[in-house]
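What follows is a short report on a single structure.
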Amino acid sequence: MGGLQVIVAAICWGTLGIFTTYLHQLGFDSVQIAILRVVTAAMMLLMLLPSLWTSIRRLSVGEILQLSLQSLIGVLGMTVCYFIAVNFVGAGIAVSLLYTAPIFSLVLAFFLLKEPITKKSFTLACIAVLGVAMTTLSENFTLSWGIVFGLLSGVCYSLYGILGKKALHKHYPPTLVFFSSVVISAIALLFLPMTYQTYAKAFTMPAITWLWVMGLSLVGTVIPFFLYMSALHKLPATKASVFTVFEPFTAIVLSIVLLHQSLNGMQYSGMILIILATLLNSIKLPMQRHRQLTEVDTQV
């Protein structure tokens, strides 16, 4: 069930490219679209405040700082690094660098969550990243700040799951972790004059603008973040990160159907690798099942 939740979340995240394209066509730049996504989603989440208020009041200063760290690194940090990478090297390379997250997750989960790195998880994470690279990476690129910030976006993306898992270990309600991860970033954005300029611009645009903004915030943010945080209760952070490679797969399929973009042979091969890694990740080998049964018998 946890794997299915992450896959659905990744599919929802994969729609971001469609809503973003429509908003770009209306004259919004990438940073403005990021502002519309995070702040509008936070407004939607305010309806959860009454049910979460008791839990919020019980948080210590240290716990608030931990949740803030998850939000500012995993949400705002990833967004900023990703858009800088897009500006320098383009969306294709930036997306592939973002999806180095499974590799970073393996290492960070080992040190922060004490989750073991198995040969299977390491191999499948590498296959998944290779598939993403084949699907989205252009042929010509040179080392630049775009590459650096693209890799940093992958680190931030992996840390969202890692820090979220640590928060759940602290017995925070998943809804509270989800709420804070979006709202804290939105509060930080409220200190930027560009935030108010962006919304002033949006109110002067055609009504269809708000349909895309709502899709960006609800389908592309609220629903997938809730599903992902819920799945972290049931999955190791390393497995959750591998499942999220369905996001670029979804984005490519939607771009073919809705934006009439074409794929080459290497991109199709990459999509196959992505699906293969995800399916194998959810299958337990007979030896693994035997070991689990042996452990249960021993405990009994």
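Even glycines carry a Cβ here, placed using N, Cα and C.
Taken straight from TrEMBL:
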DOMAIN    2-136  domain 'EamA'
DOMAIN    145-282  domain 'EamA'
TRANSMEM  7-25  transmembrane segment
TRANSMEM  31-52  transmembrane segment
TRANSMEM  64-85  transmembrane segment
TRANSMEM  91-113  transmembrane segment
TRANSMEM  120-137  transmembrane segment
TRANSMEM  143-163  transmembrane segment
TRANSMEM  175-196  transmembrane segment
TRANSMEM  208-228  transmembrane segment
TRANSMEM  240-259  transmembrane segment
TRANSMEM  265-283  transmembrane segment
TODO: Tally Cβ pairs under 8 Å between the transmembrane segment (208-228) and each listed stretch (31-52, 64-85, 143-163), then give the stretch with the top tally.
DONE: 31-52
Task: Tertiary contacts of the transmembrane segment (175-196) (same chain, 6+ residues out, Cβ under 8 Å) - done: 31-32, 35, 38-39, 41-43, 45-46, 48-49, 51-52, 55-56, 67-68, 70-72, 74-76, 79, 160, 164, 167-168, 221-222, 225-226, 229
Task: Rounded mean pLDDT for the residues that make up the domain 'EamA' (145-282) - done: 81
Task: Composition by DSSP (helix, strand, coil) of residues within the domain 'EamA' (145-282) - done: 114 helix, 0 strand, 24 coil
Task: Summary of DSSP states over the domain 'EamA' (2-136), given as helix, strand and coil counts - done: 118 helix, 0 strand, 17 coil
